[in-house]
Amino acid sequence: QTGRLALFLLGLRATCPRPEPHRALVTRLKYSLEKDWTGSRQYGHPLTSYYQYGLGVLALCVHHKRVREEVIRRLLEAQRHGRLGHSGTAVDTEAVVALAFTCLQRRRLVGAQLADELQVATEGMSRNMAEAQGPDGIIGNIYSTPWALQVFLATGVCQTEPAHGRAMAALLENLDAFGTAATMAQVLPVLHGHSYLDISSMHCREEPDTLTPLDMEPPPEVPGNKTVRLVVECSQPWCFELRLYDRPVSVPAAASLLDVLRAAASQEPQHFTFDTQDTAQGPFLTQVLGLEARQQKRNYWQLLRAPSTPLQAGVADYRPNDGETLILRLSEY
């Protein structure tokens, strides 16, 4: 719950609450960070993930709470040794950690020597994000792009970093991808030229209460059906064969990849199984055909459009076209 609690506290701070209700939650987050790492000594990384761990440090900093130097150095060491994630999550994680490091420097919550080390690390992560930008302007994937833009904004390089303008243009072309509360929360600050760090310096007395309910209309139904070819591959050396599953799956025309997986499991329960884990960004694929993606084994389920194009959306958001081939590949990072 580290990441979920951190996101809640970030949102709570942005609503300008009275100080009393969230003091206990801040203490709980501090406890969660310690427990997250202490219980993971056998693996050498947090029980949750570096993404959630970085979010926790960021949320505490935004609430102007000090974090023990040892906790910060755990993140710094992970960044130095390239442990912040595989290609599908590295941008998100590095961005969250870079924001946390920038916040700690800006709020002067660390000593001068550690602040200099965090500055060097942040500059390195910012360069990594610029180098991860594709020809379409997207950094990592469409959902990690707002995180990268927040770093450019928070560190003040948005005027000099060419990747910023290209990423913003790509973001504006793909706004329809941000349909959940969590993804909207990532993109809205960027569209207004802000990052999560600006929450810490808000003057709440000057904030007008302009929030109004929004009636969301359900998306229109698309008539007919489509057929999607679903392929499961295991690229690990301990798998006896590369291709473990290859079947056409018939689903309604508006179906998402998650609907395709459910249809396959319903049609052939003896041949296809899968499992997901709920996250703030939506369901995350954790198991297919009994094979689990585990952080301690440094593997994950990669989502591809044949032959080798990574999907820019999650299982619940991506809607394949009729005749498309989708590959679920257990990969290592």
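Note: Cβ is positioned from N, Cα and C throughout, glycine not excepted.
The feature cyanocob(III)alamin binding site is assigned by TrEMBL to T48, S49, Y50, Y51, Q52, D92, N141, Q186, W301, Q302, L303, L311, Y333.
Sequence-distant neighbours of C61 (disulfide bond) (same chain, 6+ apart, CB under 8 A from its CB) are V67, A100, C103, L104, R107, L109, S200. According to TrEMBL, the disulfide bond annotation covers C61-C103.
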Cβ neighbours within the same chain of W301 (cyanocob(III)alamin binding site) - under 8 Å, at least six residues apart: L285, T286, V288, A293, L328, R329, L330, S331
Among C103, L303, which are recorded positions, the residue with the most C-beta atoms within 10 angstroms of its C-beta: C103
Take the Cβ of T48 (cyanocob(III)alamin binding site) and count every other Cβ within 10 Å, whichever protein chain it belongs to. 20
Could you check the binding-site residues Q52, N141 and say which one's CB has the most other CB atoms within 10 Å? Q52
